[in-house]
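Residues or ranges marked as domain 'Sphingolipid delta4-desaturase N-terminal' by TrEMBL: 1-16. If you look up TrEMBL, you'll see 41-263 marked as domain 'Fatty acid desaturase'. Positions annotated as transmembrane segment by TrEMBL: 16-35, 42-61, 81-98, 161-178, 184-205.
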Amino acid sequence: LAKYPEIKTLMGPDPHLKWIVSGMVFMQFLACYLVKDLSWKWIFFWAYAFGGCINHSLTLAIHDISHNVAFGNKQAKWNRWFAVFANLPIGIPYSASFKKYHIDHHRYLGGDSLDVDIPTDFEGWFFCTPLRKLLWLFLQPLFYSLRPLYVNPKAITQMEIFNALVQFSVDLVIYYLWGLKPIIYLIAGTILCMGLHPISGHFIAEHYMFLKGYETYSYYGPLNWLTFNVGYHMEHHDFPSIPGCRLPMVKKIAAEYYDNLPHHQSWIRVLWDFVFDDTIGPYSRVKRLCKLAKES
């Protein structure tokens, strides 16, 4: 920032985010109507190939919204409620709990018992062969949602209750209007595309230590177009208040700080290497003892 103070001008809300997210939400509601009479095999096909991609993208929109980039820091409540709206096609309440834990991920990156993004010792011990790592990737949504309850349980917040009430109410309305198949379409898409799917490569790409001494990596490939530039992860951790749409400008302005850092070219390659490279697995994360963890 001292060398490039113009980066500060990139901070602040993204005026287009709310419209893009709203379009994605209503697209999924339209899809719910369109799939209501399909056979089950086509329900799961479209959940994986189409709906799940949108839902995974919405989880990354929620990630951006958790940094208040939809309406700005002065409208924190608007951001929280808009995240609940973005959550609707995902099928299960997610946004409020994510916000609660994601702050710790940035504040205590790699912190033992604080950063719940780090796999548990059991995960690292058990999922150590190619077949088991493949299973771990498939079950990743389960571990991602349940791990916080084991590693760093926190009291349920009022926003989480509102998130659940709104989510399940909308699920019931969809069920009443169009039956069970649209609900399965939404939830199956969420689970499948956050598991063994090209887009889910970002989970591994971001903080698994593929090269010793480097714990955070960026990805500059085309899937950033579908994921609100979550691939610009070094840039995001340096400037979490800059919305994803402007992160490429950070890299362009301060190129000498990023161009020579190791980065990923393909999320599919990341998944392949994770499964078949014996030196990489759930243990391939930097874990540090933070001061707050010592005090607790």
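Every residue, even glycine, has its Cβ placed from backbone N, Cα and C.
Curation plays no part in TrEMBL annotations; they are all automatic predictions.
For the domain 'Sphingolipid delta4-desaturase N-terminal' (1-16), the list of distant contacts is 64, 68-72, 239, 241-246, 249-250, 253-254: same-chain residues at least six beyond its ends, Cβ to Cβ under 8 Å. Of the candidate ranges 81-98, 161-178, 184-205, 184-205 contributes the most Cβ pairs within a distance under 8 Å of the transmembrane segment (42-61). When the domain 'Sphingolipid delta4-desaturase N-terminal' (1-16) is classified with DSSP, helix, strand and coil residues number 6 helix, 0 strand, 10 coil. Per-residue pLDDT, averaged along the domain 'Fatty acid desaturase' (41-263), amounts to 96 for this model.
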